[in-house]
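The following features are taken from Swiss-Prot:
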type    : residues                                                                                 : note
BINDING : Leu29, Arg30, Gly71, Lys74, Thr75, Thr76, Glu137, Asp138, Tyr139, Arg180, Tyr190, Arg227 : ATP binding site
BINDING : Thr75                                                                                    : Mg(2+) binding site
BINDING : Arg300, Arg319, Arg324                                                                   : DNA binding site
REGION  : 4-190                                                                                    : region 'Large ATPase domain (RuvB-L)'
REGION  : 191-261                                                                                  : region 'Small ATPAse domain (RuvB-S)'
REGION  : 264-355                                                                                  : region 'Head domain (RuvB-H)'
Amino acid sequence: MIETDKLAAERIIAATPASSHEEVFERALRPRQLDDYVGQEKVRGQLEIFIEAAKRRSEPLDHVLLFGPPGLGKTTLAHIIAREMGVNLRQTSGPVLERAGDLAALLTNLEANDVLFIDEIHRLSPVVEEILYPALEDYQIDIMIGEGPAARSVKLDLQPFTLVGATTRAGMLTNPLRDRFGIVARLEFYDAEQLSRIVRRSAALLNAQIDPNGALEIAKRSRGTPRIANRLLRRVRDYAEVKADGQITAAVADAALAMLDVDPVGFDLMDRKLLEAILHKFDGGPVGIDNLAAAIGEERDTIEDVLEPYLIQQGFLQRTPRGRVATLLTYRHFGLSAPAAGSAEGSMWNTPDGA
């Protein structure tokens with residue numbers, strides 16, 4: 001898993017932050033209020049109403065669970081919620097909270113109506129999660145003082161607060177934890193027009209000269225993810241500074257992204273390597289995950305966690321009971337003719353999941 005995480009971070013089209021330096025860069029571009037937040041109209045509209053209602057009643061906002069693929073703005077929304085409520089935000093992550101005392105220290109230092117943001121909340125340990133339940137429901141925690149026979153439980157009252165939890169894997173949350181969130185919102189991938197607006201906004205903040213077609217070219221290759229769009233913008237800006245007097249047009253963006261091996265649909269070398277292996281080494285599939293991993297020289301976890309999700313989501317790859325199968329889109333993308341529906345190759349190529 002460590003190798004998988006490292007590999008994901010090294011890809012320019014990875015949706016996870018590549019480094020602490022990139023996280024600093026992201027914060028500089030982060031919108032500060034809902035009016036500036038592009039996309040996710042349904043979620044944004046709901047939050048506008050819930051936040052305004054809580055402010056009118058002088059109450060903390062109900063606990064919020066944000067889930068969806070990485071890089072779509074969950075952390076940004078947590079910061080916006082705190083700013084719109086006019087309160088402080090304390091930020092941590094599930095893996096950091098190793099002991100119950102870690103969480104207790106955070107909770108007891110919150111002021112009235114503050115926001116506590118826990119990223120990767122699905123990775124909370126069971127011990128820490130148990131402490132969280134009464135805190136969410138009754139604004140109280142039970143902590144143990146002392147050891148052995150002298151140990152005793154002490155109940156501490158907390159200030160009312162809002163928990164904002166973020167996760168890329170909502171299915172890994174326990175039911176008791178999930179049920180304690182009054183507001184649950186799924187963040188979806190962005191379309192090219194929305195990403196183009198984000199690119200233009202980020203370019204303005206970076207004092208980069210970009211025209212609408214240049215922004216759209218970057219957006220179309222950003223895999224529906226603002227984090228990737230901003231990362232590609234930085235690299236295209238570098239290219240434009242050296243090769244095009246700082247002007248980012250569609251042609252300049254295309255040349256820069258071609259140099260980075262990011263093709264018109266956002267695939268990089270690893271994506272193409274996987275799909276071409278299925279097409280050429282296994283006649284379009286089906287092929288088992290272990291055979292595919294051996295064929296391209298990657299770990300099974302890397303394929304399942306890093307490469308496949310976007311390819312499946314975009315309809316270029318299909319999982320069937322017999323293995324991975326290339327779809328019509330894959331053949332078209334590589335300029336190949338798909339096998340006839342009645343051929344041996346085409347019978348599984350056209351089989352839906354679960355058949």
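Glycine too: its Cβ is placed from the backbone N, Cα and C atoms.
On the structure: features taken from Swiss-Prot.
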residue: Leu29; record: ATP binding site; DSSP class: helix
residue: Gly71; record: ATP binding site; DSSP class: coil
residue: Glu137; record: ATP binding site; DSSP class: helix
residue: Tyr190; record: ATP binding site; DSSP class: coil
residue: Arg300; record: DNA binding site; DSSP class: helix
residue: Arg319; record: DNA binding site; DSSP class: strand
residue: Arg324; record: DNA binding site; DSSP class: strand
Structural state census, the region 'Head domain (RuvB-H)' (264-355) (DSSP three-state): 47 helix, 9 strand, 36 coil
Cβ within 8 Å of the mean position of the Cβ atoms of Arg300, Arg319, Arg324: remaining residues of the chain near DNA: Val287, Gly288, Ile289, Leu292, Ile303, Glu304, Glu308, Gly323
Tyr139 (ATP binding site) and Arg300 (DNA binding site), Cα-Cα, nearest whole angstrom: 44
Fewest Cβ neighbours within 10 Å, where candidates are the binding-site residues Tyr139, Tyr190: Tyr139
Those binding-site residues, out of Gly71, Glu137, Tyr139, that come within 10 angstroms of Arg324 (DNA binding site) at the Cα: none
Neighbour-count leader, CB within 10 A, binding-site residues: Arg300, Arg319, Arg324: Arg324
C-alpha spacing of Arg319 (DNA binding site) relative to Tyr190 (ATP binding site), in angstrom: 24
Cβ-Cβ distance under 8 Å to Leu29 (ATP binding site), same chain, at least six residues away: Arg201, Ser202, Leu205, Leu206, Asn230
